[in-house]
Amino acid sequence: MKWFDTLLLAIWLVPFWSTLVHAQAAGLELLPTCLLQCADSTPQIAKCMAKLDVCGEECRIAIQDPVMQMCLATACTRSEILTALDAQSVICEDPVRDKSKTYRIFIITFFGVAIAAIFFRYLTHFTVGRSNWLDHTIMAFIVLLDVGFITVCITMSYIGLGRDMWKVDQDDITPTLLYFWFGQMAYVLLIGLIKISVLRFFLHIFPNRGFRWIVWICIVFTVAFSLAFAFLASFGCAPVSFAWTQWDGIHEGKCMNVNMFAYIHAGVGIALDLFSLALPVTQIWNLQLSMRKKIGVLMMFGVGAFVTVVSILRLKALVHFANTQNITWDYVEASLWSNIEVQVGIICACMPAIRLGLVRLFPKIRGSSREASNQSSRRRANFPSISPPIQERSRNDISVKTSVRVTIAKKPSVSTEGSFVKLVDIERYPRSMDRI
């Protein structure tokens, strides 16, 4: 990632000659000497210095002169450029931008809600006795990774993330990028585990053999996809340390195309989300339920669409992910949406279990088709004989008494009063299903 190659553009390199003119007045004595050499090489800059209008728009545009850019690229190190940018911001009294506090508030809030959802999921499963060791193991890994993920993100926000790069202590830039590298790996693994958790939920509620084969194929694909991208996130640079040291221009190495990596992962993830949302539609539509119930169940599954929406919003933030020279400022948006996507995904994965717990606590929520069926069964009426006994007399005066008993049962109708469909673990599958 050669992110600093274009740092010399005007959008980031504001007029350094302002620093030269006002250095003594501002008490900035540690300015890079390379700036003086480059300021003398461009007539427009000398003109701005003469006018003392060093912070005006015209002078800011003048820095785009190719001669000035070439001079800065060869005469100044990246550390010197950051020092100059910091000095210029002081001279021109540019506002100090800081998103770190807002960033922390958002990610901690979403993390708290996600942890609460996981707690209620475990509480419900252990209370009603619906435990599955594999599902609990997957969720345990999600919790561990999520705690590590949020810890890394909060640490980044305190040492550099959310501020302009030239306002961050240069000794903190490398640790910030190192934490970002850890967070990137955790994000990829978390998204994969969340998708697997949702797909396994489908296995517990839909016994159709063909459907289950499709779900298992999706799970295998998700595992392979997640491991592959976690590997790329970890070893995308050679040497690996170049991922967090390349910013200074001193270390040598090579990295893969970060933009391509980010877009492919996001695109495949969104496609898999959409396919997972479509999977249960056919199964639910074929159930013997009223239209109202079908729509209600589909809406519950449709909550997962919010995760897809967040993924799309994150994709927009990735535009600045690798094409940036102000790393600590531009990375905050991508990191924020990554956090929201993970936490919302965890909440959606826990929602079915939470609903089951609410049904147990508040039975009136149930309104199940089972109750409707029971009510219909109570309407069955057994009537005694609808005609008096028929007496027949034979010639030998032997009487035969015939009695007719008619039972009338009303066929249960589909109840539209309830909205509950029991979407919980299937207690027992047919033997033919156990092999799938």
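Cβ from N, Cα, C; glycine included.
All annotation found in TrEMBL is predicted automatically rather than curated by experts.
According to TrEMBL:
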- 1-23: signal peptide (SIGNAL)
- 103-124: transmembrane segment (TRANSMEM)
- 121-356: domain 'Rhodopsin' (DOMAIN)
- 136-159: transmembrane segment (TRANSMEM)
- 179-202: transmembrane segment (TRANSMEM)
- 214-242: transmembrane segment (TRANSMEM)
- 262-285: transmembrane segment (TRANSMEM)
- 297-322: transmembrane segment (TRANSMEM)
- 342-362: transmembrane segment (TRANSMEM)
- 370-391: region 'Disordered' (REGION)
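By number of Cβ pairs under 8 Å, the transmembrane segment (103-124) is matched best by 342-362 from the list 136-159, 179-202, 262-285, 342-362. Contact between the transmembrane segment (342-362) and the transmembrane segment (214-242) is not supported, since fewer than 3 Cβ pairs fall under 8 Å when only residues 6 or more apart in sequence are counted. As a whole-number mean, the pLDDT of the domain 'Rhodopsin' (121-356) in this prediction is 86.
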